[in-house]
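What follows is a single structure, written as structure tokens, with notes after it.
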Ligand code: IPE
Ligand code: IPE
Ligand code: MG
């Protein structure tokens, strides 16, 4: 079977085959359920799956080994991968297969960065630290989502585009959580051996479980109740038929069977009882075969009836997009470019500086029309204006700049040619990796639905590549809608309530905010719209609730950093009261006050 899969994937070189064999055997012995799930994919895709999954599971092992510095080992492995990717091969078998896979399928390294960074952070912990649900969920996302996205990219290259539906974001997260919780429960004994508690603290408290009992592998009634509750929770999260009913037939069989395999692990954990604290729980061979036997038959028939549209042969190897080489002492980001005229930012008193400026960059179309040019030329000129404003923001030391590039309404209502051009300009900017040279952290807010998936990848890659930057946070609102953002928060809250994570909790502003996609973005201090219109156009309704508003007439392409500094200077003269009375005015008129004191 191994040889046949390699032949289908056009892997003929003996050394390369040996590298894939290492991944294949490693997974088969360490991650049987995941391995058998990969075997449900069309044969030509399986070797790539082995390489990817072997790399992720090896990373987990590197982080978990108790001897030495796990984070250092991870960093070295990741750096070696960058070097190997440049050379197109490796001395290390897992990396050799991985490099070949990444070249063939043009996969980005950013996905590894997300997982490796999360694992590095975990490995740095010295004391056992249980995580809150929120931290636990971030770990779940960082561990599972990059691998899932890479699988989706491969399917897309094979002609099967599976769009991620916004309305199902919660269901995707629950699936990732279900897989992660199953791992946490079935591998509990190993984690406890390392002094690690991988179950959420809120649940430990709710069931009155004492951490020491767990760490000493004591099966108390409280531990038993906690485990039983979490097993049920994981089971519910893995049982979401709506996820596979909406998928094309092939991926649907893979996902459904994969979830069944994971549920079998939960069943094994349940049967293990107190032994769950002593060793990892896995389904028996017979139990696994009962699932994978029919699963493989069904998958083979389904892929024959509904083959991958463009998978005739493996795609030709292409060099993946690589980040700049990492060096032992990473180069410091460059300072922002000065303005061509040598103008310098005004010195605003620190207490009058806005922390967060948000801009509705309006007027591109009118600017072009006034010059007898097509609207697209206005968008191109607008792009240049934005670059200057970003440098100006970094120069004056603004911590947060959020810019409205495209609203959900724009995407729906403007001609496709205009949207296409707008995205092309944005794509050129992102691909040039220009902002990456400066201390700028790029973030994207908006919906993936309706955007080309490689463009979404590009946004995410830029986001991941700049995640650790501490200078200006530049948030691109692109295919963004404020009402949709609030609706997502409400939906996420409702689902948290449904799955019992909000028990006894009232909905506070803090809680609602924590469910917003941009919950950690600070409130906007200054909302500035150029182009003469005076409206908000569905921009950041939550974050601008107390923003100072500024509407100026100049059209966006005519703007440069000096206008930003002027806007910030105007802001510095505003008096913000947040509902209080002006400090300089008496609360009651002088006459009444006098009467009051004399009577
Ligand atoms: C803002 O400029 C950019 C986008 C909405 C994408 P417009 O394209 O709205 O320009 P006007 O308002 O038509 O001049
Ligand atoms: C809002 O601009 C969105 C952006 C600036 C990207 P529009 O110019 O489309 O706003 P409305 O629809 O006219 O209010
Ligand atoms: Mg407009």
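In case you wondered, yes, glycine gets a Cβ from its N, Cα and C as well.
TrEMBL: automatically predicted annotations, no manual curation.
TrEMBL annotations:
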ACT_SITE  362  active site
ACT_SITE  410  active site, proton acceptor
BINDING   362, 548  Mg(2+) binding site
COMPBIAS  314-323  compositional bias 'Pro residues'
COMPBIAS  580-593  compositional bias 'Low complexity'
REGION    314-341  region 'Disordered'
REGION    579-599  region 'Disordered'
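Overlay of TrEMBL annotations on the structure.
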residue : record                       : DSSP class
362     : active site                  : coil
410     : active site, proton acceptor : helix
548     : Mg(2+) binding site          : strand
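For the residue listed as 'active site', the number of other Cβ atoms no farther than 10 Å from its own Cβ, over all displayed protein chains, is 20. In this structure, 362 are the recorded positions from 362, 410, 548 whose C-beta falls under 6 Å of some atom of ligand 3. Sequence-distant neighbours of residue 548 (Mg(2+) binding site) (same chain, 6+ apart, CB under 8 A from its CB) are 354, 525, 526, 527, 571, 574, 576. For ligand 1, the neighbouring recorded positions among 362, 410, 548 are 362, 410, by Cβ distance under 6 Å.
Its own atom aside, the Cβ of residue 410 (active site, proton acceptor) has 18 Cβ atoms within 10 angstroms in the protein chains shown. Each residue contributes its Cα atom, and for residue 410 (active site, proton acceptor) and residue 362 (active site) these two points are 12 Å apart.
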